[in-house]
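Asker: So TrEMBL has the following annotated:
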DOMAIN    107-417  domain 'Ammonium transporter AmtB-like'
TRANSMEM  16-37  transmembrane segment
TRANSMEM  63-85  transmembrane segment
TRANSMEM  91-111  transmembrane segment
TRANSMEM  131-150  transmembrane segment
TRANSMEM  162-180  transmembrane segment
TRANSMEM  192-212  transmembrane segment
TRANSMEM  232-252  transmembrane segment
TRANSMEM  287-304  transmembrane segment
TRANSMEM  325-343  transmembrane segment
TRANSMEM  389-414  transmembrane segment
Amino acid sequence: MLCINTNMSTSLRVRLPVFVLVMEIVMVTLFAFFVTYDENANAKFQNNETNPMENSMYRDYPYFADVQVMIFVGFGCLLAFFRFYGFSGMVFNFLTATFSIQWAILIQEFARAGVLISFGAVIGKTSPIQLLVMALLEIPIFSVTEWAVLKYLRINDAGGSILIHLFACYFGLGVTFVLYRPNLNSGHAKETTCYQSDILCVLGTLFLWVFWPSFNSALTLKGDDQHRAVLHTFIGLSSSTITAFALSAVFNKRGKLTMADIQNVTLAGGVTVGASVDMMISPAAAYGLGIMGCTACFFGYRYLTPFLAQRMRIQDQCGIHNLHGLTGLISSTAGICAILLATEETYGPSMYQIFSHRAPPEGHEKLLELQKLIPGLKPGLGRTAEEQALYQVAAIFATIGASAVGGLLTGLVLKLPFMASPSDDDCFDDELFFDTPSDFDSSVTLPIMCEDNRQKESIKNV
């Protein structure tokens, strides 16, 4: 009988350096030919412009910095929730995000969040090589999808509920569908948390919570729209957080709080307000959306995630379908309702700035009147509210379809034998890819969990 050496089959000694070296050669070549300074950074023009509205550095850098904290600290800590997978959760997040920066600069600068959301579906079951390849493929698929939706469908999606959350969610689910591991359906001995890992994870939640308003408002129009985006996000997050605490206590058989609920469900409000975050939806609507998103996310974790694993071959490790998929659909629906209800009586002439595709077309008499009130208003497509709503619906289906197909194809690539995929026994274990300290010991007695989350038996992992 042949005996496969697991350490050799998953060793990074050759695979990772070769992949990184090849990609760095490709990247530096592409940077040399296609990346240069714009006029605000080019010494030749000697602008030295410091007006925030003229130089994007001063206008956008605070939002950029906030999102960096979300990406590297928030996501990093959030993904370190497994007891024996803390190194991998944080460091693979760091590696994947850093690689995505280089690739995204070339083709789409706001793509890393989507990659890390998708990462949540396959955490614990993939090697760093697989994650880098997933990022390499996901970013161009995302960029093409975003370009097609924005160019041909012309939608409103300030908070990225459609193009970031829905895309990343269904891309990740497509990948994990292909990477299905039937032996993990009843749980894995090391698929567990501990006191310290839960504290680190909730710290990540707090970082994401605090900076989410910057994420939702970064791409909105400056001024009133951005002000509303920040307010709506804070209100939505606060209502979803309070609701999460209540639901967690009610549905716990002992009337106690569950850390998994606090770590994930509290963030749902940030997603559910995303599609309408810059619109005049009212603070009460933002509050209600936070409650709706939290409720959907909570019950999704309890009932939908196990159903998807058992019946649909979709093992969603972090429950991204609950926090990004269900809430993204609620947010998109709310955005459509807000578009249908938008009138000049509510918005005034600025309606044609917020819903730019509803502005009169070039040469229309009404456009000239509006441009007197709003200098610089660009001509639109003259769409009605109903027409714009239909385009929003089309964008939802197009995005889900493109991301799911892209995820399935990417999953097939990740199944290739040289991707250093861990065996079922080696999943959720830092020792597979890291030199661990002397106090790290994954060979301990751990519970295996049944579908009803009760302890089934205790085994010794050697």
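Backbone N, Cα and C define each Cβ position, glycine as well.
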Asker: Which residues, given as numbers and ranges, are at least 6 beyond the ends of the transmembrane segment (91-111) yet have a Cβ under 8 Å from it?
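Answerer: Non-local partners: 23, 27, 30-31, 34-35, 71-72, 75-76, 79, 119, 123, 128, 131-132, 134-136, 138-140, 142-143, 146, 164, 219, 434.
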Asker: Please check if the transmembrane segment (162-180) comes into contact with the transmembrane segment (63-85), where contact means 3 or more CB pairs closer than 8 Å and the residues in each pair are separated by 6 or more positions.
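Answerer: Not in contact, no.
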Asker: I need to check the long-range neighbours of the transmembrane segment (192-212): which residues 6 or more away from its ends have a CB within less than 8 Å of a CB in the stretch?
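Answerer: Answer is 66-67, 69-70, 73-83, 86, 233, 237, 241, 259-260, 262-264, 266-267, 270, 446-447, 449.
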Asker: Would you mind listing the long-range same-chain contacts of the transmembrane segment (287-304), meaning Cβ under 8 Å and 6+ residues beyond its ends?
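Answerer: Non-local partners: 235-241, 243-244, 247-248, 251, 260-261, 264-266, 268-269, 271-273, 276, 281, 319, 321-323, 326-327, 330-331, 334.
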Asker: Would you kindly list the residues that approach the transmembrane segment (63-85) from elsewhere in its chain, counting only those six or more residues past its ends and only Cβ-Cβ distances under 8 Å?
Answerer: 92-94, 97, 112-113, 116, 119-120, 123-124, 190-194, 197-198, 200-201, 203-205, 207-208, 211-212, 214-215, 217-218, 263, 318, 428-431, 440, 442
Asker: Spell out yes or no: are there three or more C-beta pairs under 8 angstroms between the transmembrane segment (325-343) and the transmembrane segment (389-414), with each pair 6 or more apart in sequence?
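Answerer: Yes, these stretches are in contact.
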Asker: Let me spell it out: take the transmembrane segment (131-150), skip the flanking residues so only those 6+ beyond its ends count, and list any with a Cβ under 8 Å from a Cβ in it.
Answerer: 19, 23, 92, 95-96, 99-100, 103-104, 107-108, 111, 114-115, 118-119, 122, 162-163, 167-168, 171, 175, 395, 398-399, 402-403, 406, 409-410, 413-414, 419
Asker: Taking every residue in the domain 'Ammonium transporter AmtB-like' (107-417), what is their average pLDDT?
Answerer: 94
